[in-house]
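Copied over from Swiss-Prot, here are the features:
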BINDING   Asp10, Asp338, His339  Mn(2+) 1 binding site
BINDING   Asp297, His302, His350  Mn(2+) 2 binding site
Amino acid sequence: MTRAILLVLDSFGIGNAPDAAAFGDAGADTLGHIAHHRAASGRPLALPHLASLGLYHAHHLATGEWAEGITPPETLDGAYAAAAEISSGKDTPSGHWEIAGVPALFEWGYFPDKTQSFPPDLLEALIEQAKLPGVLGNCHASGMPILETLGEAHIASGKPIVYTSADSVFQIAAHETHFGLDRLYALCEIARELLMPYNIGRVIARPFVGETPETFERTGNRRDYAIEPPTPTVLQKLHDDGGKVLGVGKIGDIYAHCGVSNVIKAHGHDALFDATLEALDEAGDRTLVMTNFVDFDTLYGHRRDPDGYAEALEAFDRRLPEVLAKLRPDDLLILTADHGNDPTWTGTDHTREQVPVLASGAGLAPRPLGHDDGHLVTFADIGQSLATHFGLSPMAHGSDFLDVAPTGPSSHASTTGD
């Protein structure tokens, strides 16, 4: 029986990418800086199960250093690598598409102006078609600060809050009760169509509740309106070949529901874990279970909260054995990330980083993966390896790491003297 489980720790980078300087991210290191922050506070980061799968070894490949305050295990239970991205952006669709074997090699559209960010013609069309009294925001912003600033004005005026960031994104925040959730979704669908000529990757509905800046809170009813991948992903190929793809969390939205057989919605990491375990119980032969753990990014990366990020990682690590216990002998488990979001970095945007690839099962020996002592060429090696695992035709990008021979019995030993 052939199954695969792909867990995406959204934004969990492990050191700046080779081209990070072009993005203003030279020196970014989500894992390394979280570990440093915790070590400096006398509470070393504790991720024993991720460590046993090769997390710290992957970080060592990416940076040449061991994360501060950790002791890498001398023996491992998984294969590991550090993967770099060739897609043009450092956003969620680019990372996920490339993970699925389809890198975004084109340039996304962006709204670079920090204020008055959107073209007047676009906003006028949105206001007219959606019959709005106007809009608020029209700027670069992070989600909670803009609610604290404009939430009360939104409730009083009925004008939705529109904003963007360094990503290719158009976000709309509106109150679930005062504006209406269905109305927000309908507004986002209008915006999605209007934004097609601008080549914007995502429109995101950001519903919230509360009555004052102190009580405003975003809800779990977020919805992403993405464009379709330009060519079939490994998800689409598996689906078209008679297999099944169970997308947990926002996976369906990220891929514009292309190739996703069933969508299992859940909000919060514990609920996402529960849904993943239920999906594994349901998954039969030739099934891919794919989950995005989004809170690392939205709650801790963008909000520059290294303590919260560390605690979320430790909570994830504590639950990881529940997934491991459900694996069958031929299952392939892969843990990775779609980009970085260093919570100690300047600003509030993603960071261009390498990501871990931690793989277990399917006959993989504990070792570095890939072609250069563990460094994968692209995120797309994951998609290519999944294609091989499921017996699909090859992807146009990436190399299969399942067939690479081990580099020797000592290849996964730790060298703590580095």
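Just so you know, glycine gets a Cβ as well, placed from its N, Cα and C.
Shown on the structure are the features that Swiss-Prot records.
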| residue | record | DSSP (3 states) |
| --- | --- | --- |
| Asp10 | Mn(2+) 1 binding site | coil |
| Asp297 | Mn(2+) 2 binding site | helix |
| His302 | Mn(2+) 2 binding site | coil |
| Asp338 | Mn(2+) 1 binding site | coil |
| His350 | Mn(2+) 2 binding site | coil |
Next on the checklist: Restricting to the chain of His302 (Mn(2+) 2 binding site) and a gap of 6 or more, list residues whose Cβ falls under 8 Å of its Cβ, or answer none.
Outcome noted: Ser142, Gly143, Asn341, Thr348, Asp349
Checklist outcome for this item: Integer Å value for the Cα distance linking His350 (Mn(2+) 2 binding site) with His339 (Mn(2+) 1 binding site) is 7
Checklist outcome for this item: Asp338 (Mn(2+) 1 binding site) sits from Asp297 (Mn(2+) 2 binding site) (Cα to Cα, rounded, in Å) at a distance of 10
Checklist entry - With the Mn(2+) 1 site defined by Asp10, Asp338, His339, which remaining residues of that chain have Cβ atoms positioned within 8 Å of the Cβ centroid? => result Val8, Leu9, Ser11, Phe12, Thr92, Gly95, His96, Asp297, Ala337, Gly340, Asn341, His350, Val355
Checklist entry - Whose Cβ lies within 8 Å of the mean position of the Cβ atoms of Asp297, His302, His350, the Mn(2+) 2 site, other than those residues? => result Asp10, Ser11, Thr298, Gly301, His339, Asn341, Thr348, Asp349
